[in-house]
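Visitor: I grabbed these lines from TrEMBL:
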type: DOMAIN; residues: 7-414; note: domain 'TRAP C4-dicarboxylate transport system permease DctM subunit'
type: TRANSMEM; residues: 6-34; note: transmembrane segment
type: TRANSMEM; residues: 46-69; note: transmembrane segment
type: TRANSMEM; residues: 89-122; note: transmembrane segment
type: TRANSMEM; residues: 134-161; note: transmembrane segment
type: TRANSMEM; residues: 167-191; note: transmembrane segment
type: TRANSMEM; residues: 212-234; note: transmembrane segment
type: TRANSMEM; residues: 240-261; note: transmembrane segment
type: TRANSMEM; residues: 273-294; note: transmembrane segment
type: TRANSMEM; residues: 314-342; note: transmembrane segment
type: TRANSMEM; residues: 354-375; note: transmembrane segment
type: TRANSMEM; residues: 395-419; note: transmembrane segment
């Protein structure tokens with residue numbers, strides 16, 4: 001009964017339009033007060049949560065991606081990749097996804113990836129006769145690679161909540177991220193080969209390929225530097241974020257694009273996003289403390305393990321719940337609300353917490369492109385100046401691909417676990 005009342009209060013506050021950070025924080029404080037909890041301990045708990053070295057990676061990765069976004073690095077990436085694959089069937093779609101995957105390895109953000117590559121790719125594809133809904137769906141889905149291919153801000157938050165290794169989570173995201181990118185690429189090629197209106201780009205001359213590749217080479221190098229550095233244990237994810245930010249400044253300065261106005265805007269945008277993330281994290285910490293005091297996660301875990309004996313059924317139920325929540329909550333809120341509730345059930349079900357983190361992020365990707373609150377839908381709408389209905393209709397094939405990937409993850413766990421634990 002208590003669980004249903006708390007859930008009802010949470011849904012009611014969200015329905016009233018109260019921001020998720022304040023919803024979680026106020027509801028958590030009210031529950032703690034009713035339980036006669038010493039509220040003086042709340043600030044100390046919040047400080048210990050925020051005083052976490054790994055969280056420094058969040059603003060640093062955001063700074064890096066925003067500096068590159070404001071200075072037009074996405075255009076360089078797309079031009080270089082297009083020069084190599086643009087003449088293929090569906091080549092511009094292929095170039096879009098490859099560019100998204102590369103920028104994902106730099107940014108850690110789906111919004112930054114969708115906005116950066118979408119600004120360049122959407123006009124080019126529409127000019128070449130690509131179906132508009134396909135273009136919008138491709139960019140919205142391609143942007144979600146930013147939270148699966150490391151470095152990933154949601155995986156950092158998941159690691160902070162569960163105290164799992166961030167490095168292991170990053171490595172676990174590589175396989176599924178590349179698999180999704182490959183599926184999107186194959187879909188683009190098949191659609192172009194058997195459809196109509198997908199005019200290929202003329203094959204680039206060797207000199208043009210060389211020039212475009214040399215301009216984008218520092219960005220390729222930055223992505224490789226971050227991934228290899230983390231994989232080889234040369235530095236932690238936070239150190240990688242710091243080094244990546246400094247290198248991004250060096251790259252855009254070397255290209256002659258770093259101006260005070262662009263740097264200021266990048267810092268402001270990063271600051272706003274960071275504050276939003278940390279406020280939600282603080283609210284979730286208070287709410288998590290409250291529901292733990294009321295033994296709600298333990299009761300839910302007991303209920304699930306008692307009534308659901310098969311891990312496959314448990315995963316299917318979780319996927320269904322997350323799909324429904326994705327219709328109303330944005331991705332980070334889903335992560336912060338659901339992970340503390342579901343995490344205690346993982347070990348009794350025999351599910352690896354690192355694997356579950358990747359599965360959860362794949363489901364979050366679905367939420368990012370699912371109407372009515374899918375954030376990437378509105379990013380693409382703004383970039384393309386399109387109707388939101390056209391964007392929403394274009395994403396459904398990609399939602400199915402993501403759900404298929406989630407199912408494949410369950411059937412073949414090594415897609416996620418091979419790199420961090422078996423290589």
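Here the Cβ of each residue, glycine as well, is placed from N, Cα and C on the backbone.
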Visitor: Quick one: find which recorded stretch in 134-161, 167-191, 212-234, 273-294 has the most Cβ pairs under 8 Å with the transmembrane segment (89-122).
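Guide: Comparing 134-161, 167-191, 212-234, 273-294: 134-161 has the most Cβ pairs near the transmembrane segment (89-122).
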Visitor: Looking at the transmembrane segment (240-261) and the transmembrane segment (167-191), are there 3+ C-beta pairs under 8 A, with each pair at least 6 apart in sequence?
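Guide: No; fewer than 3 Cβ pairs under 8 Å.
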Visitor: When only pairs 6 or more apart in sequence are counted, do the transmembrane segment (354-375) and the transmembrane segment (6-34) reach 3 or more Cβ pairs under 8 Å?
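Guide: Contact between the transmembrane segment (354-375) and the transmembrane segment (6-34): absent.
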Visitor: Which sequence-distant residues neighbour the transmembrane segment (395-419)? Criterion: at least 6 residues beyond either end, Cβ under 8 Å.
Guide: 136-138, 140-141, 144, 171-176, 179-180, 183-184, 187, 231, 312, 315, 319, 352, 354-355, 358-359, 362-363, 365-366, 369-370, 374, 377
Visitor: Pairs of Cβ atoms less than 8 Å apart decide it: which stretch in 46-69, 134-161, 273-294 has the most with the transmembrane segment (6-34)?
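Guide: Looking at each of 46-69, 134-161, 273-294 in turn, the most contacts to the transmembrane segment (6-34) are made by 273-294.
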Visitor: Near the transmembrane segment (46-69), which residues from the same chain, at least 6 beyond its ends, have a CB less than 8 A from one of its CBs?
Guide: 103, 106-109, 112-113, 115-116, 151, 153, 156-157, 159-160, 166, 219, 236-238, 240-242, 244-245, 248-249, 251-252, 258, 262-263, 265-267, 269-271, 273-274, 277-278, 281-282, 285-286
Visitor: Any residues 6+ beyond the ends of the transmembrane segment (273-294) with a Cβ under 8 Å from its own?
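Guide: Same-chain contacts beyond the flanks: 2, 6, 20-25, 27-29, 31-32, 35, 37, 42, 45-46, 49-50, 55, 58-59, 62, 109, 153, 157, 160-161, 332-333, 336-337, 340-341.
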Visitor: Using a Cβ-Cβ cut-off of under 8 Å, list the residues of the same chain that are 6+ residues beyond the ends of the transmembrane segment (134-161) and lie near it.
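Guide: Sequence-remote neighbours of the transmembrane segment (134-161) are 49, 52, 54-55, 57-58, 61-62, 93, 96-97, 100-101, 103-105, 107-115, 117-118, 121-122, 125-126, 169-171, 173-174, 176-178, 180-181, 184, 188, 191, 226-227, 230, 237, 240-241, 277, 281, 284, 331-332, 335-336, 339-340, 343, 357-358, 360-362, 364-365, 368-369, 374, 376-377, 379-381, 383-384, 386, 390-391, 393-398, 401-402.
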